[in-house]
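These come from TrEMBL:
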- 4-119: domain 'Tetrahydrofolate dehydrogenase/cyclohydrolase catalytic' (DOMAIN)
- 138-276: domain 'Tetrahydrofolate dehydrogenase/cyclohydrolase NAD(P)-binding' (DOMAIN)
- 164, 165, 166, 230: NADP(+) binding site (BINDING)
Ligand SMILES: Nc1nc(=O)c2c([nH]1)NC[C@@H]1CN(c3ccc(C(=O)N[C@@H](CCC(=O)O)C(=O)O)cc3)C=[N+]21
């Protein structure tokens, strides 16, 4: 079985972006700027945000961390977003999710200037994705598509099953696969005969958020399995798939860690460079 190395692919992309940013910064007058808003003190979110800031620094992207206390009001958070919308040095705005209880994330996402929406979560950009129009794409599913492409794994004409229907992964991933001419089935908690659906797939995408959810008996021999799950367990980080059990069944599979996670960060950097190029070309 081929282990799809997301860490290496992400490192390749980061090197390519670094070189592009270095070559283009002079012509564009300034380096790309990314603002990352972190509300509260959730330890996992803090680690993610620190990793994103480190990745920016290595790529030549100027990052600005906006750290707000968990007690911030909806109004104050919205004011912070509007300020970043108006800041010419900021090309991309990322609002780290989930937000602490009491804050309305969709209201905040709706306020981010769609031209600065490096997460691709704004309704306008989700609409663009649904219509197949260009625009920033959600980082995790876009990273999955790039990972498959760079491993020569085509999806056109293949039967793909996406397990999970979240707005940040399952739903946008299904649309991307559809645009890439896969035949797509989306399974979720109310799907009847889920195991059978998964077993019929040549490509399996697991984005459920439950460790070990996809087991060997659910996967057709030779299928490609992409594990989008990130679960913190007593024994460390785990995906949604029974990796050991699937080794004898799948033809290729992404590990956790070292699979889709690093690609998410690489795609955030790609989106940031893309919006920077679009914005600096406009003025
Ligand atoms: N607005 C917003 N955009 C996001 O893209 C976003 C978010 N909020 N909230 C949280 C999730 C989660 N996420 C990950 C990014 C990288 C890894 C990653 O690099 N994982 C490493 C391991 C890192 C570790 O050890 O924890 C790996 O899988 O190898 C994982 C998860 C982005 N998210």
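Counting starts with 1 at the first residue shown.
Positions of Cβ are set from backbone N, Cα and C atoms, glycine also.
Whatever TrEMBL says is automated annotation, not expert-curated.
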Among binding-site residues 164, 165, 166, close to ligand 1 by Cβ (under 6 Å) are none
DSSP composition of the domain 'Tetrahydrofolate dehydrogenase/cyclohydrolase catalytic' (4-119), residue counts helix/strand/coil, works out to 59 helix, 19 strand, 38 coil
Could you tell me the mean pLDDT over the domain 'Tetrahydrofolate dehydrogenase/cyclohydrolase NAD(P)-binding' (138-276), as a whole number?
98
Around the Cβ of residue 165 (NADP(+) binding site), other Cβ atoms within 10 Å, all chains included, total 18
Quick note, residue 230 (NADP(+) binding site): same-chain residues at least 6 apart with CB under 8 Å of its CB -> 209, 237, 239, 256, 261
State which of the following binding-site residues has the fewest other Cβ atoms within 10 Å around its Cβ: 164, 166.
166
Among 164, 165, 166, 230, listed as contacts of NADP(+), what is the widest Cα spread in Å, to the nearest whole number?
15
